Amino acid sequence: MRLAYWMYAGPAHIGTLRVASSFKNVHAIMHAPLGDDYFNVMRSMLERERDFAPVTASIVDRHVLARGSREKVVDNILRKDKEERPDLIILTPTCTSSILQEDLQNFANRASRNSDSNIIFANVDHYRVNELQAADRTLEQVVQYYLDRSHGQETLDQSLTDVPSANIIGIFTLGFHSQHDCRELRRLLRDLNIKINQVIPEGGSVKDLKNLPKAWFNLVPYREVGLMTAMYLEKKFGMPYVSTTPMGVVDMAECIQQIQRSVNTLAPTSSNKKVDYEPYIDEQTRFVSQAAWFSRSIDCQNLTGKETVVFGDATHAALITKILTREMGIRVSCTGTYCKHDAEWFKEQIKGFCDKILITDDHTEVGDMIAHVEPSAIFGTQMERHIGKRLNVPCGVISSPVHIQNFSLGYRPFLGYEGTNQIADLVYNSFALGMEDHLLDIFGGHDTKEIMTRSLSTGIGLIWDPESRLELNKIPHFVRNKVERKIEKFARQKGIVNITVEVMYAAREVLST
């Protein structure tokens with residue numbers, strides 16, 4: 001069994017806990033052994049919030065294993081019900097505790113008899129799905145539970161709002177710049193004179209979920225979370241949804257045009273006039289977004305033809321690939337995603353925008369691909385940033401998972417027209433760092449460190465002798481790393497461990513032919 005020391009997407013229970021802790025006055029109880037109860041620490045370290053409801057861990061220990069978990073789980077549910085008075089308690093196991101195959105649904109049913117709170121068992125297959133899939137399923141389950149409940153109590157109001165309105169679905173805690181994206185989406189809808197009915201799950205109340213069908217349409221900014229809920233609402237209540245991510249100038253226009261079609265479909269039935277958002281798109285593209293102007297500037301044209309690698313979740317990797325290729329003229333040698341469950345959509349979206357596609361959740365495959373391509377810049381997750389440091393290739397972080405530095409205090413949306421400016425800055429600055437290193441080298445800068453091996457999964461360690469290292473340092477900095485990688489590749493193919501000046505000359509003869 002391979003030990004996973006890095007995972008792009010966490011285990012399923014993390015997704016359930018992220019959804020539960022995003023709602024107001026919802027408490028999550030996690031049935032887990034010690035070691036799985038790290039969610040509170042992770043959220044308090046990363047998310048920029050002053051207050052949040054911590055998750056309660058119902059610990060599986062040797063006593064529980066001896067006599068069963070029912071009594072302990074039920075007692076923990078009832079205790080939190082009295083202490084916190086939540087509207088909803090969500091019970092979830094972890095992948096580890098799922099091995100016990102206990103009937104947690106039965107535990108939830110027993111606790112609900114003596115609880116004032118609603119209790120839901122997160123019905124997620126912890127063996128087969130990851131964090132993002134579980135979050136998507138949990139959100140749909142919560143929404144369906146409350147809408148069915150309201151329908152049974154005859155309190156479900158399906159009448160549309162008097163003016164065009166929308167639900168924003170999929171904004172939740174620990175998302176990549178999602179809080180900033182939400183502010184930008186609110187601004188966009190306000191500019192279009194569209195009322196925001198609800199934003200879920202972040203900051204939403206489960207008591208208000210019964211009002212979801214009052215919106216004219218649903219907006220799903222990320223494919224990873226919210227799409228299942230939007231599809232359920234469309235099937236159950238006939239609500240249209242817009243799932244085109246408003247990222248980049250081209251897809252911003254496409255998203256707004258889809259919103260226009262959704263509004264105009266319902267406008268005649270509610271005595272509202274049809275809308276035309278084309279003037280708004282034109283004004284924002286020309287005067288608010290600087291990305292369109294920047295793509296024609298000499299700074300951006302200097303990046304034309306540069307090779308890049310893109311990797312991340314399906315939404316961000318696909319959209320950044322299209323922005324780099326279509327809007328900035330930058331070549332994407334390889335693009336990929338760790339969302340293997342959404343591989344078909346991803347391939348369809350980036351068809352024709354890159355040379356190669358990589359669908360994997362193994363970071364070593366990504367590292368070897370980057371080492372092979374030798375790009376001028378990387379756009380990926382925190383792991384690709386680490387890989388870039390090893391290869392001395394700059395990396396712009398565009399997707400979760402990320403480090404705390406990517407939970408910025410300043411306003412940095414990736415969506416909307418302001419998001420186009422942020423992405424353009426990120427792309428340009430990622431490439432500019434390479435020029436900065438070149439200038440430092442010219443003026444006697446910081447280039448004193450030894451670069452690690454360029455093959456991230458090889459077991460062969462190469463040794464450069466002092467004379468060969470001195471000869472290598474005579475090569476200009478901006479091509480030195482590429483030359484070094486090619487020499488090391490030649491040495492590995494020949495089974496050479498010690499690189500001498502003679503080996504360098506032999507490699508040069510082979511590589512020049």
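Heads up, the Cβ atoms here are built off N, Cα and C, so glycines get one too.
The feature domain 'Nitrogenase/oxidoreductase component 1' is assigned by TrEMBL to 12-430. Per TrEMBL, the feature [4Fe-4S] cluster binding site maps to ASP36. Positions annotated as active site, proton donor by TrEMBL: ASP299. What TrEMBL lists as substrate binding site is GLY434, MET435.
Cα to Cα, ASP299 (active site, proton donor) and ASP36 ([4Fe-4S] cluster binding site) are separated by 48 Å.
Same-chain residues at least 6 positions away in sequence with a Cβ under 8 Å from that of the residue listed as '[4Fe-4S] cluster binding site' are, in sequence order, HIS13, MET30, ALA57, THR94, THR96, SER97. Computed over the domain 'Nitrogenase/oxidoreductase component 1' (12-430), the whole-number mean pLDDT of the model equals 92. Within 10 Å of the Cβ of ASP299 (active site, proton donor) there are 12 other Cβ atoms, across all protein chains.
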